[in-house]
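Following: one structure in structure tokens, then a few remarks.
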Amino acid sequence: MLPPRALSDEKKDAQADTRSIGDSSDDSGDDNKLLEIGYVPSFKREFSNIATISFAFSIMGLCSSVATTFNSPLLLGGPASVTWCWILGATMCFTLGASIAEIVSAFPTCGGLYTASAQLVPKRQRPIVGWVVGWLNILGQILGLSSTEFGLANMIWAAVVVGKGDDFEITAGKKVGLFVGMLIVHGILNCLATRQLARLTTGFVFVNLGATFIIIIVLLATTPRSEMHSAAYVFGTQGVVNQTGGWNDGIAFLFGLLSVQWTMTDYDATAHISEEVKRAAYAAPSAIFIAVIGTGLIGWLLNIVMVLCSGPLENLPGPSGSAFLEIMTLRMGKPGALFVWAFVCLTAFFVCQTALQAASRTVYAFSRDKGLPDKGYFGYISTWTQTPLRAIWFVTLIGILPGLLELVSDIALNAIFAMTAMALDLSYIIPIFCRRWYRNHPEVQFVPGPFYMGDGFLGWAANVNCILWTLFVCVIFALPTVLPVTAETMNYAAPITGGVILLSLVWYAIGGHRHYKGPASNRPDLVTKCAPAEDALDVPRDEEKAQVQTQVV
């Protein structure tokens with residue numbers, strides 16, 4: 001780790017004024033770091049190391065996320081697409097996760113990469129960069145919540161079909177009804193205080209990993225050796241089965257990336273709870289790093305075993321519509337498959353819980369900075385629970401809207417999965433690019449945190465690789481997966497994502513620039529690098545210190 005750069009005299013004075021604040025607390029180091037960045041602590045730090053790691057694993061979901069998206073690689077590119085696209089995407093996602101972790105370590109705030117982005121560009125560009133990153137991040141997180149929640153609803157209905165038989169009809173209305181009900185349940189659970197959320201989260205990782213390993217072990221134990229597929233089918237050319245209707249084998253194969261990219265995203269969700277984490281500069285990036293490695297390797301093993309034990313490809317996805325569940329039913333029988341499937345659904349339930357928590361913190365931070373047309377209404381912390389209740393219910397209600405696309409078109413709904421990966425990953429690579437592009441600019445001073453890859457070959461290679469990879473997969477996700485292209489098979493991911501970005505830029509040009517000046521400090525005693533000097537509060541020094549101390553206490 002490189003030594004931090006020397007702080008300016010003005011910044012040292014500001015730190016000296018605030019260092020005594022909160023020294024009586026066990027979390028004084030975290031709070032002082034937050035004050036140094038420019039924010040008064042607003043949350044209680046109740047997330048321990050294990051709870052933080054569990055949160056990071058839970059946001060990815062692993063077995064439930066693989067189950068939700070397993071149809072895409074298997075039915076578009078074939079079994080080999082399932083296995084090779086996963087490890088390829090996981091390796092590339094590892095460089096993105098590491099690049100995000102070092103920024104989160106330097107800026108452990110609930111705004112995540114949205115807040116960090118403004119610290120990594122010159123003053124004049126902070127508003128527009130913060131605006132674009134903020135809207136992309138919010139779009140991706142809300143879509144991620146909606147897609148996961150709808151995936152959970154489909155998983156539950158798939159289990160009903162397996163249990164009741166093929167004659168049971170699942171209508172779009174039933175899917176949407178269950179989706180809305182489950183989303184409201186998660187909204188209610190997120191109203192708990194931080195202490196209860198931390199306790200609830202701690203056990204998530206054990207259910208997640210436990211269910212994954214149980215599936216792997218039971219499938220291998222119940223599949224006769226004679227019925228297992230050959231290595232050529234799992235890894236070789238026999239496993240390349242193009243079912244796209246017109247794309248060449250290479251493009252069909254690459255469509256398998258959707259599963260791993262959708263699973264291994266929302267890396268910065270841990271950053272959005274960093275103001276609720278103890279030793280956040282260490283714990284948050286470490287949790288991201290561990291979760292990315294663990295999800296990538298264990299997920300690859302899970303995919304290999306699923307393909308190995310999958311049976312005839314022509315029988316999938318089966319009556320339930322879930323190839324993952326049909327493979328489990330084939331090998332374990334209905335009772336065994338449904339029993340294990342319940343834990344897979346529980347894992348998806350946990351993913352939705354953590355996704356809503358992270359998204360609400362992003363909305364809170366963006367509203368606090370006047371990035372929403374709400375005059376800061378959603379940037380409010382409840383005095384009862386010390387959590388952003390208004391932002392929680394805003395995300396909950398807005399999250400219902402994407403799910404309503406099921407009433408119009410299955411294809412349009414499927415685009416939500418692609419949009420999630422596109423919007424989130426694009427919001428990640430902007431601050432990563434800015435950190436490198438403006439590294440020598442006099443107005444930009446990146447002070448590394450404990451997790452830092454350095455300015456040598458390793459750091460540059462990880463940053464450049466993840467940027468190029470993200471741009472590449474966005475092109476893949478923008479393509480229609482089935483040819484010929486009609487109104488029914490059109491991929492709406494790119495038009496919708498591009499439309500949201502365009503509308504946000506138009507809004508910024510028309511009126512947003514008047515009230516939004518970029519991520520801004522809520523410390524009245526410090527003109528941070530996040531806000532232009534002319535926006536600083538003109539408050540006498542004694543009053544400034546009194547206000548900060550009152551808010552911290």
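Just so you know, glycine gets a Cβ as well, placed from its N, Cα and C.
Here's what TrEMBL has on this protein:
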type     : residues : note
REGION   : 1-28     : region 'Disordered'
COMPBIAS : 7-16     : compositional bias 'Basic and acidic residues'
TRANSMEM : 47-67    : transmembrane segment
TRANSMEM : 87-116   : transmembrane segment
TRANSMEM : 128-147  : transmembrane segment
TRANSMEM : 176-193  : transmembrane segment
TRANSMEM : 200-221  : transmembrane segment
TRANSMEM : 281-308  : transmembrane segment
TRANSMEM : 338-356  : transmembrane segment
TRANSMEM : 377-405  : transmembrane segment
TRANSMEM : 411-434  : transmembrane segment
TRANSMEM : 455-480  : transmembrane segment
TRANSMEM : 492-510  : transmembrane segment
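Counting same-chain residues at least six beyond the ends of the transmembrane segment (377-405), those with a Cβ under 8 angstroms from any Cβ of the stretch are 42-44, 141-143, 145-147, 149-150, 176, 179-180, 183-184, 186-187, 190-194, 197, 356-357, 359-361, 363-369, 412-413, 416. Where the transmembrane segment (200-221) meets the stretches 128-147, 281-308, 455-480, the count of C-beta pairs under 8 angstroms peaks at 281-308.
Most Cβ pairs within less than 8 Å of the transmembrane segment (128-147), among stretches 47-67, 87-116, 281-308, 338-356, 411-434, belong to 411-434. 87-116 is the stretch from 47-67, 87-116, 338-356, 455-480 with the greatest number of Cβ pairs below 8 Å to the transmembrane segment (281-308). Counted as Cβ pairs under 8 Å, contacts with the transmembrane segment (47-67) are highest for 338-356 among 87-116, 338-356, 411-434, 455-480. Listed by sequence, the residues of this chain that lie at least six past the ends of the transmembrane segment (87-116) yet keep a Cβ under 8 A from its Cβ atoms are 30, 33-34, 37, 39, 42-43, 130, 133-134, 137, 257, 259-261, 264-265, 267-268, 270-277, 280-282, 284-286, 288-289, 291-293, 295-297, 299-300, 361-362, 364-366, 369, 425, 427-432, 435, 446-453, 459, 461-463, 465-466, 469-470, 473, 519, 530. Here the transmembrane segment (411-434) has Cβ contacts under 8 Å with residues 69, 72, 96, 99-100, 103, 113-114, 116-117, 120-121, 129, 132-133, 136-137, 139-141, 143-144, 146-147, 150, 258, 261-262, 265-268, 402-403, 405, 463, 466-467, 470-471, 473-474, 477-478, 488-494, 496-497, 500 of the same chain, all six or more residues outside its ends.
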